[in-house]
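Take a look at the structure set out below.
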Amino acid sequence: MLFLPILILNLLIITHAIDIIPREVLFQDPKYSSVSLSPDAKQVGYVAPDENGIRNVFTRCSSCSYSRQVTFETEHPILNYVWTAIPDVILFTQDNHGDENTRIYKKNISATAIAADKTQRVVISEKPMVKAMILSNNLISETVLIGMNDENPALHNIYAFNCQTDELKLVLQNRRFSIFFFDNDLNVRLASEEGPDGEMIYYRPRSNEGARTTEQNTWVEYLRIQHDDKAITMPITFDKSNNFMYWIMGDGSDLGNLVVFPFEDPQQKEILYTAQRAQIGNVLIHPTDKTLLAVTEVYHKPELFVANETFMEDLQYLVNMKPSGSMNIVSMSIDMSTWLVTYSSSDEPYDIYLYRRWNKKAELFMSTRPELKKYTLNKQIGFDFRARDEMTIQAYLSLPPQAPLLKSSQVPDGDRPYANLGMIPAVPQKMIVLVHGGPKARDHYGFSPMNAWLTNRGYSVLQVNFRGSTGFGKRLTNAGNGEWGRKMHFDILDAVEFAVSKGIANRSEVAVMGGSYGGYETLVALTFTPQTFACGVDIVGPSNLISLVQAIPPYWLGFRKDLIKMVGADISDEEGRQSLQSRSPLFFADRVTKPIMIIQGANDPRVKQAESDQFVAALEKKHIPVTYLLYPDEGHGVRKPQNSMEQHGHIETFLQQCLGGETQPFQPGQYNSSAIIKKIGIEGAAIARQNLQIAQNQFAQQLPRGPVAPSIFYRPPVRAQRVMLAPNQNVMNRIFPVQG
């Protein structure tokens with residue numbers, strides 16, 4: 001009874017009106033994205049929508065406020081761009097409506113060239129059905145290395161493009177390798193291919209003069225990385241002499257070590273840094289002398305570890321300038337005198353600061369989404385819980401900013417650590433479980449338009465780095481192998497149970513949503529455990545693991561064994577097909593009893609349109625309600641602003657009908673999107689509910705109950721960064737003591 005007046009007051013507060021953030025503010029292209037500094041620090045480049053809404057490249061003077069548009073594409077938005085060693089010359093990429101067959105162009109962005117012909121560009125690759133990639137660009141040579149799968153769609157040949165003369169020359173004809181690694185002089189030093197057991201085998205050219213083919217007799221084995229170590233093992237770069245290599249190595253370690261060794265003798269490795277709590281994230285290397293400057297780890301929030309004391313004063317100044325944020329260096333000039341810096345924060349969009357080392361001063365240079373400044377955004381809280389098999393799982397919770405919170409004195413003793421973190425609302429919330437894609441990826445801390453939108457509409461958001469995710473060690477990543485639709489799904493269920501047990505979520509008001517693997521998980525949730533979720537939104541998710549494996553893009557064939565390890569079976573034998581079928585939602589579509597929305601891009605090369613078509617057809621055959629949005633000009637996800645705003649308008653209306661959150665008025669077609677909308681009626685809902693009881697009885701045997709109120713393991717420190725002083729870096733000196 002003591003808490004009753006408080007709860008009544010909180011309920012009154014919760015029903016108070018909030019300012020709805022318009023979808024146009026959240027899902028239009030940001031004013032500034034892909035921000036980078038030119039090598040000479042004179043210009044800052046960025047991608048932004050032009051007056052017609054097409055994403056183009058702009059530049060802004062770094063010492064003044066003058067900005068100008070430098071590309072003038074009228075149909076396809078620019079995906080990305082890079083500076084080159086030639087002043088005023090950039091390369092940029094596009095694709096055809098999301099098909100991921102990337103095209104590459106060179107553009108002279110000087111004022112003189114644009115005045116002469118603003119649309120002029122040099123084609124490097126725009127062949128149909130060819131995926132071109134920028135492989136290596138050292139910002140010193142006039143040459144850039146380009147990869148093109150122009151002969152074999154599964155393999156990329158290597159070409160050298162001269163940014164001065166526009167000459168494109170074949171460097172290596174590839175018949176074998178999926179990955180190449182280059183030194184600072186753009187020489188091919190390593191290549192890799194999958195071994196028979198999914199291990200990664202690195203090769204080096206037999207001759208010091210390099211190789212022009214991939215014939216067996218021209219390459220010798222260099223390193224063999226076992227499959228269990230692949231998730232945290234990778235080459236980073238060469239030192240200035242090209243005689244030593246930096247790697248992150250996973251052998252003998254769950255989180256990995258940053259090491260350096262002579263290229264001629266990889267067994268003579270020296271450990272420079274041992275990861276403490278999370279995998280090593282970014283490795284910051286000096287642009288010219290190639291010495292190690294710093295490393296980052298990201299558990300809940302990024303933490304920075306400094307390796308070079310000449311770098312210390314700069315970083316300490318930047319950390320102190322905004323101690324509540326997590327500092328990140330976005331870009332550096334080639335002489336390292338000028339930096340672009342930003343800070344990760346969940347409750348404000350990214351601001352870009354220009355830092356000049358010679359005067360130790362940073363100034364606000366641009367705000368990526370200034371129109372959001374007037375709104376109150378959510379806070380994102382990192383925490384851990386234990387899954388039913390005792391595996392520690394990291395997750396994030398974002399609550400609506402208007403939701404009143406309970407103090408630690410108002411909750412049971414066991415919940416006080418969570419209340420201290422700001423995780424316990426006065427009343428349980430409507431909740432969206434937002435499942436990341438990959439699945440070899442992770443959710444991160446920081447501003448997200450998706451989180452800002454959902455929490456603004458009155459939903460809490462739960463993001464789970466379930467087993468199979470990356471960033472938390474190879475044990476967690478490898479624990480997902482073969483567990484699609486099983487333990488990876490159980491982790492999501494356990495996270496929901498945790499939220500309900502702590503009073504964070506109302507059990508009857510939990511929805512699930514995600515893209516790619518997250519879309520698959522949504523379909524799994526609504527077919528295998530529909531009683532847990534009120535509704536679901538699947539965005540480009542596969543429904544059939546058999547057809548997913550059959551239809552992988554050709555340029556993924558070099559990683560096929562890794563995919564087979566992930567999904568846990570192959571289609572080459574009947575036992576494998578049965579295993580995949582048993583975890584494919586398509587074959588259990590008649591179990592769906594809750595509202596479902598499916599969103600698909602017609603040009604998706606990863607998850608084909610057939611994945612969604614066949615699931616919708618199965619629902620239609622069983623008279624089960626579904627809303628299907630098909631975008632004929634999109635690929636693996638919805639990118640175009642008019643389509644994105646339309647998509648989120650549909651999702652918002654769908655969630656409001658399911659859970660009752662806030663909405664901004666919406667009419668289909670108001671954004672002039674390309675969406676083709678198909679809705680199947682509700683007459684089959686009763687039939688589907690009858691099928692559910694059988695499904696529940698079958699699936700319940702697979703669901704051993706775990707603890708529903710896991711203990712807290714780690715509270716993020718108040719500090720934004722941890723800075724460690726270290727000796728001047730030398731390529732063979734240990735920088736940090738290895739901690740046991």
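Just so it is clear, glycine is given a Cβ too, placed from its N, Cα and C backbone atoms.
Since this is a predicted model, take the numbers as computed values, not measurements.
Per Swiss-Prot, active site, charge relay system is recorded for S516 (among others). Cβ neighbours of S516 (active site, charge relay system) (same chain, under 8 Å, six or more residues apart in sequence): G437, G438, I539, V540, G541, R606, V607, H636, G637.
If you look up Swiss-Prot, you'll see D604 (among others) marked as active site, charge relay system, on the strength of similarity to another entry. D604 (active site, charge relay system) is surrounded by 23 other CB atoms, counting those within 10 A of its CB over all protein chains shown.
Mapped onto three states, the DSSP output places H636 (active site, charge relay system) in coil. Annotated active site, charge relay system per Swiss-Prot: H636 (among others), in sequence order.
Residues or ranges marked as disulfide bond in Swiss-Prot (evidence: similarity to another entry): C535-C658. DSSP assigns C535 (disulfide bond) to a strand in the three-state reduction.
Taken from Swiss-Prot, the feature N-linked glycosylation site applies to N108 (among others). Non-local neighbourhood of N108 (N-linked glycosylation site): D88, V89, I114, Q120, each in the same chain, at least six residues away, with C-beta under 8 Å from its C-beta.
Residue environment of N308 (N-linked glycosylation site) contains 18 other Cβ atoms, counted within 10 Å of its Cβ in all protein chains. Per Swiss-Prot, N-linked glycosylation site is recorded for N308 (among others).
Here Swiss-Prot flags N506 (among others) as N-linked glycosylation site, drawing on sequence analysis. There are 17 other Cβ atoms within 10 Å of the Cβ belonging to N506 (N-linked glycosylation site).
Mapped onto three states, the DSSP output places N672 (N-linked glycosylation site) in coil. Within the same chain, the residues at least 6 positions away from N672 (N-linked glycosylation site) whose Cβ sits under 8 Å from its Cβ are Q642, listed in sequence order. Residues or ranges marked as N-linked glycosylation site in Swiss-Prot (evidence: sequence analysis): N672 (among others).
Annotation source Swiss-Prot lists topological domain 'Lumenal' at 23-740, citing sequence analysis. Mean pLDDT for the topological domain 'Lumenal' (23-740) in this predicted model: 91.
Look at Swiss-Prot and you will find 2-22 tagged as transmembrane segment, backed by sequence analysis.
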